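K.L.:
The structure that follows is given in the form of structure tokens.
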Amino acid sequence: VGCFCEEERRVRANDREYNEKFQYASNCIMTSKYNIITFLPVNLFEQFQEVANTYFLFLLILQLIPQISSLSWFTTIVPLALVLSITAVKDATDDYFRHKSDNQVNNRQSQVLIRGSLQNEKWMNVRVGDIIKLENNQFVAADLLLLSSSEPHGLCYIETAELDGETNMKVRQSVSVTSELGDPNNLASFDGEVVCEPPNNKLDRFCGTLYWREKKYTLTNQNMLLRGCVLRNTEACYGLVIFAGPDTKLMQNSGRTKFKRTSIDRLMNTLVLWIFGFLVCMGVILAVGNAVWEREVGSLFQSYLPWDPPVDNFLFSAFLSFWSYVIILNTVVPISLYVSVEVIRLGHSYFINWDQQMFCSQCNTAAEARTTTLNEELGQVEYIFSDKTGTLTQNIMSFNKCSINGQTYGNRPTGTSAEGENPFYKLDFTPFNPLADPDFCFYDDTLLESVKVGDLHTHEFFRVLSLCHTVMSEEKSEGELVYKAQSPDEGALVTAARNFGFVFRSRTPGTITTTEMGQTVTYSLLAILDFNNIRKRMSVIVRSPEGRIRLYCKGADTVLLERLHPCNQELMNITSDHLNEYAADGLRTLALAYRDLSEDEWEAWSESHRCADKATDCREDRLAAAYEEIEQDMMLLGATAIEDKLQEGVPETIAILSLANIKIWVLTGDKQETAVNIGYSCKMLTDDMTEVFIISGHTVQSVRQELRSLRCPPPPPHPPPPPPPASPPPASPSPPSNLMDNISGEFALVINGHSLAHALEADMEGEFVSTACACKAVICCRVTPLQKAQVVELIKKHKKAVTLAVGDGANDVSMIKSAHIGVGISGQEGIQAVLASDYSFSQFRFLQRLLLVHGRWSYLRMCRFLCYFFYKNFAFTMVHFWFGFFCGFSAQTVYDQYFITLYNIVYTSLPVLAMGIFDQDVPDQRSLEYPKLYEPGQLNLLFNKREFFICITQGIYTSVVLFFVPYAVLSNATQSTGDFYFYLTVLLPCTKRTPLFSLPVQTLFRIFPNQFHFVGSAQSTLLQPVVWLTIALATAICIVPVLAFRFLKLDLKPQLSDTVRYTQLVRQKKRKMGRLGARSGSRRSGYAFAHQEGFGELITSGKNMRLSSLALATFASKHSSSWIDTLRRKKHTHTHTPPSASGEGQMQPAKGSNLACGMNL
Amino acid sequence: MGKVKTKTGPLARRPDNSAFKQQRLPAWSPMLTANTVLPFFYFMALICMFLGVWLLLTVQSTKEMKLDYTEAGTCDRCFEKRKNVSNAAQPCSCTVVFSIGKKFKGDVFFYYGLRNFHQNLRRYMDSRDDAQMVGRKKNLQTPSTYCFPFTTDQNGQPIAPCGAVANSMFNDSFVLTYHMPGGRPEKVPLLRQGITWYTDKNIKFRNPKTENLTLPEVFKGTAKPLYWQKPVYELDPLDPTNNGFINDDLIIWMREAAFPNFKKLYGVLNRAKEPFTTGLPAGNYSIEISYNFPVQYFRGRKEVVLTTLTWFGGQNHFLPIAYLVTSSLILLVAIVLTVVWWKFGKNGKNMEE
């Protein structure tokens, strides 16, 4: 059995010889790429895969041919070596740290059972089939099969933070037969054989069988301890190594994410190709010139300068001259471009990391730019795809309402207005129940009365909540309970039950102990029918002390209501109404039900369940079928409603972003009503909207029908043009010619997952996109992670727009990876999304700063940088082209060689770099105040092919001036220096942040044609006044047209950013002019101004005064409004954080076994 | 509980509040408003105007005389003679006469000029050995390969100075004579030395160390360049210190010109004697030319130029005119801008629309 095409893995415990046959990977990991010997060749090989580097290597080779070499080789090798070594140093440091961490990990100690005794071994020496002992708080060294543990029932607890980022504890249990092998002696004689799946990257699945003493035992993920986990709350445990080193699931998961490139990158590559073509053209022109010249003139000149030996005719000479010119003109293809761009992006990334205003003090996390190559794309985002849970909402749950037996409780106006201010209404549970959680808030005392009275349904209702869950409890001292829930929903429900007198105390694998109305009751737990995303429900089967067997089920209402006993019809109707009400309030709902089982039924089912459980193939399907079988004919108890709190500043952020013409789509796994409601509460949907379309068809036809009917009012099938950059004038009197005009009324689209599946089919996607994009808000609910990614891809494909996906959970990873930019919210749901993201921070509201401030600046800076860069290189290089006509096309250089070498890397790089990193056109507050400033980026106005050609033309103009002005001066001059050609060349504007001087201001001058020793000539020439006069003249001629043009543009057609700057300037001046009341005056003008520019459309359309005032208020009075937030926050922590040592961490839900039924898709 | 958290929760990871990290560094970012741009334009126009007028006045005071002698006067004979390579060694001299109408006041500079001679070809410019020129003995014996094919002569002796540049050195010589009205012809004295830059004469060009040897002994074992009539140590028969690599004519020739039409300094009027103490008097002159340099192969022309200089150089009309034109253009632009601003964009009208 070769291990390369491993189909299954066989491991025999304590038998190294047997296991070595398979050549399984050892536990030594290597994440580093190089070692000392391979570093140079491998790294160079990688670097030369970059086209630019290869190009320069090619140039270098050309320069070594003496007949061609027009420049000495050092002009290329110096910059090339510099660029290569900078990259190499960066790679080397990265790799050094990888080596260090590898070493550290490989040399960790673990205790291995060798020949019956425990010995300390380094991790890298652990082999597959070894049995190792783990102690509390140790890292798991490899993927282990848990054999036994110090805790009863072979249980052990692990934390999987390094694996999936979830910090809550998880339980693992050994197979019962091995859990008895307590001590090393027994384990040493253990010779079971495990047959299991080959290494894979699925963290939540494991399929295998243990053969021991002629018996088979099924192994699941529940029996596995994966590498990267930490053992907690467990004294010690023993495990059998199944996968080691690179085969472990942790290492299998560390695949490289796909490399993202920005549109500017792609444009840059195209432009570089064009420039290269241009270079070849110039080379050809000059070579033809050379041919003609050599024939007409050069041949006559041969007595003074014979041709080089290999050259025998003018054509060959022209051929050589072509290559010589390729070398000389190489500075138009700038080698330092790529490096400079990277440096600039790195700088911008640091600014993001350093931004205090994106620091969340509650979670002590600063924003982090995890990818440093995407910054300028942040300034071009047109579509934002947002997850709902944990992104827009806090994912903090509070038990808010419930419906028990057709009676609804908890009715109290919810929402920000009436919340929390009146502690009078908050129920005090302590006199009634000493075990109550003091942080729990509930306001409806009728429910408490009903419990006290002893209403059976109410009791049963809370009993379900206290029994049917997977929460772990910890009781540090009597009555001080800490729940460790896998999802906040579950925590909220169990806490609610606790406060209403049904206290979950503790659990063992076979029992659940509760305190019901003060009496301790122990149920024996017969089965847990666990939650998964397909079933959307979970059940427990328990035997009460009286011996009655009952199945308790809670789950998504859609799923559960289908499985009720027919006699529930009436109750079901009432409850459905309640559920709809709750959903309309934006609450998360669950339905609860139970079923009585007879002993026979249980026995029969138990048998079939065991059968399914033992199956090796399709085990999960069979289990699901078995669960399905028993979860029938249930009796409805009621429903719960949990409130999902919005994050801070979400509505304001969304308002600002949509003013910046960014379209926000919410993609959520939640149900339609909840999603729509969150849409309303974060102001994506407003009551002023003309219509909110809902598409929820189940078949292709119905979806198509619904899509068509939306577009029915505008009859003609329109070509799908991109949405107008600015929303069209509202209420335009002209008859609507196409859909887009009609859209001026605001529409919103809500589409269901199952309809989306049809809408995403090839023949309908175009229709869907054009409809959806015409709507102001789009909400997709009930979507799967895959669909999220599909929607993103769809927009990427059809709209060619820059997309940004923001999410916080594992279900958003696919979307984050497929969008141009992925943003991870490091919030409640673990850090998988963060790990996959390009940028991460902890609050949704930071998105506005990331896009409108950092993104905008980055884009602006990058564009200006590129313009300057191309401009200066053309101005510099084209001079050679002109000179070619005067030097017989012989590829003579105008500049000194050192100057050519250093021009790009020293003389002109630093000023441009400084500008590229620090430039700001308007201050950050202004870009938030005027979201419209963001638009140039979306429309790609600042750097595109047109701008590029303008830069090039400017560069060529400059080169003409720079060449011909001195030429005219000097060819006319009769003086002792007449035989010297004074040369001027440009040093780029080095003034930081001075957009004014986009043109050569500082001139640096150079002298031709001494090959070296030019310092002496410079000394003599610089004393000539004519040199300075010429420099001044050339500079003036270069600057004036551009300056005039810019002034005209600014004066007649100012951009919004110019206007903003102007206002700023006026304001500053006014402030300076006098302290008396000037302040309020300038304020007023600022406000009036905001109306005109940013909010004009809104106001003229009369659509949304509230929105605009809201957006303004956010920034004008951030502090004054934050008290509400503080209050809200406080209330949340009070409600939902049980007093525990481990703090926030424990509230994080586990994705894999999420009980929040149907919520977190 | 929340309170406790914010208090005890360290803001350890909070980024520094420095102006640099928060991007609040002070900056000067001027706006192109009318207040700044328009005055700037007028100011520039004024400055250029002033410079232009000043330069023009200065230029007016200079005098220049240009004379193409390729086939002029009696030189047509020599021109024909030089067409035939076999006559290269035969001397030929001719005379050209000319007159100047107004006196050339002050220092007068004597240039020779060549047209259509490409000193700026890459291979031509490379064809020299600078190490030899600074007097390295090693390079004297084994010149750099850059000099090829002017490295060694037929006998394999190294050429000094080697290379195409030195080989093609201009070797006409001139004697300028003033014909005083009614007097006898007077030879115009020219300073033929001290016309190079200090850095050239003393740093870039040096003879090999003599060490009690005479110059011919030092250059022993080297050959003269192919087209030369005299070896390098006999270039100036009058002044032995002006021989070898530090010969002024050689140095001036070795400074390659940037364009195919160029002038190189031949000498400066020596104003020690009457009637030249105040410059070159008006009247008739003749130049006797020792006509050696063939130009017909490459369709070139030869000329001599006599000129006076001002503080910014010779008679250069381009610069003042360019300044004047630029100035008027800037003025025009400034006026147009002012009008446009006045009519359409005054006080940031467009800004507040």
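Just so you know, the numbers here start at 1 and follow the chain as drawn.
Cβ from N, Cα, C; glycine included.
For reference, TrEMBL lists these features for the protein:
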- A:11-77: domain 'P-type ATPase N-terminal' (DOMAIN)
- A:55-84: transmembrane segment (TRANSMEM)
- A:271-293: transmembrane segment (TRANSMEM)
- A:313-339: transmembrane segment (TRANSMEM)
- A:Asp387, A:Lys388, A:Thr389, A:Glu490, A:Phe531, A:Lys554, A:Arg588, A:Thr668, A:Gly669, A:Asp670, A:Arg782, A:Lys788, A:Asn811, A:Asp812: ATP binding site (BINDING)
- A:Asp387: active site, 4-aspartylphosphate intermediate (ACT_SITE)
- A:Asp387, A:Thr389, A:Asp808, A:Asp812: Mg(2+) binding site (BINDING)
- A:709-738: region 'Disordered' (REGION)
- A:712-736: compositional bias 'Pro residues' (COMPBIAS)
- A:834-983: domain 'P-type ATPase C-terminal' (DOMAIN)
- A:865-886: transmembrane segment (TRANSMEM)
- A:898-918: transmembrane segment (TRANSMEM)
- A:948-970: transmembrane segment (TRANSMEM)
- A:1026-1048: transmembrane segment (TRANSMEM)
- A:1128-1161: region 'Disordered' (REGION)
K.L.:
What's the number of neighbouring CB atoms sitting within 10 A of the CB on A:Asp387 (ATP binding site)?
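P.N.:
Result for A:Asp387 (ATP binding site): 29 other Cβ atoms within 10 Å.
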K.L.:
Which residue counts does DSSP yield for the domain 'P-type ATPase N-terminal' (A:11-77) in the helix, strand and coil classes, in that order?
P.N.:
34 helix, 2 strand, 31 coil
K.L.:
Between the stretches A:55-84, A:271-293, A:313-339, A:865-886, which wins on the count of C-beta pairs under 8 angstroms to the transmembrane segment (A:948-970)?
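P.N.:
Comparing A:55-84, A:271-293, A:313-339, A:865-886 against the transmembrane segment (A:948-970), the winner is A:865-886.
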K.L.:
Please name which of the binding-site residues listed here, A:Thr389, A:Phe531, A:Gly669, A:Arg782, is nearest in space to A:Asp808 (Mg(2+) binding site), Cα against Cα.
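P.N.:
Minimum Cα distance from A:Asp808 (Mg(2+) binding site) across A:Thr389, A:Phe531, A:Gly669, A:Arg782 lands on A:Thr389.
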K.L.:
State, in Å as a whole number, the widest CA to CA span among the ATP-binding residues A:Asp387, A:Lys388, A:Thr389, A:Glu490, A:Phe531, A:Lys554, A:Arg588, A:Thr668, A:Gly669, A:Asp670, A:Arg782, A:Lys788, A:Asn811, A:Asp812 given in the record.
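P.N.:
If we measure all Cα pairs in A:Asp387, A:Lys388, A:Thr389, A:Glu490, A:Phe531, A:Lys554, A:Arg588, A:Thr668, A:Gly669, A:Asp670, A:Arg782, A:Lys788, A:Asn811, A:Asp812, the largest is 27 Å.
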K.L.:
Report, as a single number, how many Cβ atoms besides its own are within 10 Å of the Cβ of A:Asp808 (Mg(2+) binding site).
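P.N.:
Its Cβ has 32 other Cβ atoms within 10 Å.
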K.L.:
Across all chains shown, how many C-beta atoms besides its own are within 10 angstroms of the C-beta of A:Arg782 (ATP binding site)?
P.N.:
21
K.L.:
How many of the residues that make up the domain 'P-type ATPase C-terminal' (A:834-983) does DSSP mark as helix, as strand and as coil?
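P.N.:
Its residues fall into 105 helix, 5 strand, 40 coil.
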K.L.:
Residues with Cβ closer than 8 Å to the Cβ of A:Asp812 (Mg(2+) binding site), same chain and 6+ apart in sequence?
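P.N.:
Residues satisfying the criterion: A:Asp387, A:Thr391, A:Pro785, A:Lys788, A:Ala805, A:Val806, A:Gly824, A:Ala833.
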K.L.:
What's the number of neighbouring CB atoms sitting within 10 A of the CB on A:Thr389 (ATP binding site)?
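P.N.:
Other Cβ atoms found within 10 Å: 29.
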K.L.:
Just how many other Cβ atoms lie inside 10 Å of the Cβ on A:Arg588 (ATP binding site)?
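P.N.:
Looking across every protein chain shown, the total is 25.
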K.L.:
Within 10 Å of the Cβ of A:Gly669 (ATP binding site), how many other Cβ atoms are there?
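P.N.:
There are 26 of them.
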K.L.:
For the domain 'P-type ATPase N-terminal' (A:11-77), what is the mean per-residue pLDDT, to the nearest integer?
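P.N.:
Mean per-residue confidence for the domain 'P-type ATPase N-terminal' (A:11-77): 83 out of 100.
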